[in-house]
């Protein structure tokens, strides 16, 4: 498999419970390197822009409110097959359906407070990484 980069976000429900280190350790223990990371408090405008693809969905307002409720850690992860590997490590969006040992099974509170976000494809990874990081902030 090729070395890839993917975008990862540790959401406010997890940062409020001081889980940043525990979640990052899971990524690293599974062969992903953190090559960029910063802690941000999303503005409403940033959250609406980042999640614009969901704008017409009924949960959009609740999503924006949740993402602006506390600090978020945005990261770029790198490794072999990083996009798929990250998705496997995170587990299903709904923690009730997540496999044992995944981040969401271990740490998520609900489908709305599911602790992490990760890119689903190379194209979305590129867009999401560029949304939060300049090239000089990514140090591989």
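Cβ atoms here come from the backbone N, Cα and C positions, even for glycine.
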Site co-member for ATP according to Swiss-Prot, given 11, 59, 87, 93, 104, out of 30, 114: 114
Neighbourhood of residue 117 (active site, pros-phosphohistidine intermediate) by C-beta distance under 8 A, where only residues 6 or more apart in the same chain count: 7, 8, 9, 11
Densest Cβ neighbourhood among 11, 87 (binding-site residues), 10 Å radius: 11
CB within-chain contacts under 8 A for residue 104 (ATP binding site), separation at least 6: 90, 91, 92, 93, 94, 95, 98, 114, 115, 116
Candidate with the highest Cβ count within 10 Å, taken from the binding-site residues 93, 114: 114
Whole-number Å value of the largest CA-CA distance among 11, 59, 87, 93, 104, 114, listed as ATP-binding: 22
